[in-house]
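Colleague: Structure provided below as structure tokens; questions to follow.
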Amino acid sequence: MSRRESPPPPSPPPPPPQLLGVQRGEVESDDRPERAEPLSDAEREIIQDTWGQVYKNCEDVGVSVLIRFFVSFPSAKQYFSQFQDMEDPAEMEKSSQLRHHARRVMNAINTVVENLHDPEKVSSVLALVGKAHAIKHKVEPMYFKILSGVMLEVFNEDFPEFFPAEVQVIWTKLMSAVYWHVTGAYTEVGWLQVSSSAV
């Protein structure tokens, strides 16, 4: 190496295998996603039609989503004292508390989907969800992004005929909007400022 050449910059460390806390830049306010484009009428209709298929089996689908979420991201179980020590997916599936939470998650998404024509209602529902998870449950906001991804994976696998690539794109757009509203609620209660100062 000649004197004029500088050594290559060090590569960044690999991301941690589990999301155990706020990572630099992940939930800082300057990294908050741009507000998602509003859904078109056609996109809203596609979401409502495909959701109708999913929601027929809402509890079972919700349980599948949560089991995959907790198996793939076991650190998320820290927020659930009633099943945080469960390792076995079969045991999780039998848990009445997990089933109850699965219904709550699916019903929250159902409320969003049913009210896509009313942005104010969607915003207020998601603000309540975000504030409860920030203030009462103290859940790191990145888990919402992770859960959204897991949800879309399960929908795609369980209902492949209703979730071709173009529908997945529309659902991704919806989930980005959900995450945007939820992180907005975290910002409003001062979560991001507190978290950011700790990194």
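Any Cβ shown, glycine's included, is placed from N, Cα and C.
Where the annotation comes from TrEMBL, it is an automatic prediction and has not been curated.
Here TrEMBL flags 7-18 as compositional bias 'Pro residues'. Annotation comment: TrEMBL describes 25-42 as compositional bias 'Basic and acidic residues'. Marked as domain 'Globin' by TrEMBL: 38-187. For 1-42, the entry in TrEMBL reads region 'Disordered'.
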Colleague: Mean pLDDT, the domain 'Globin' (38-187)?
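Modeller: Computed over the domain 'Globin' (38-187), the mean pLDDT is 95 on the 0 to 100 scale.
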Colleague: How do the residues of the domain 'Globin' (38-187) split into helix, strand and coil according to DSSP?
Modeller: 119 helix, 0 strand, 31 coil
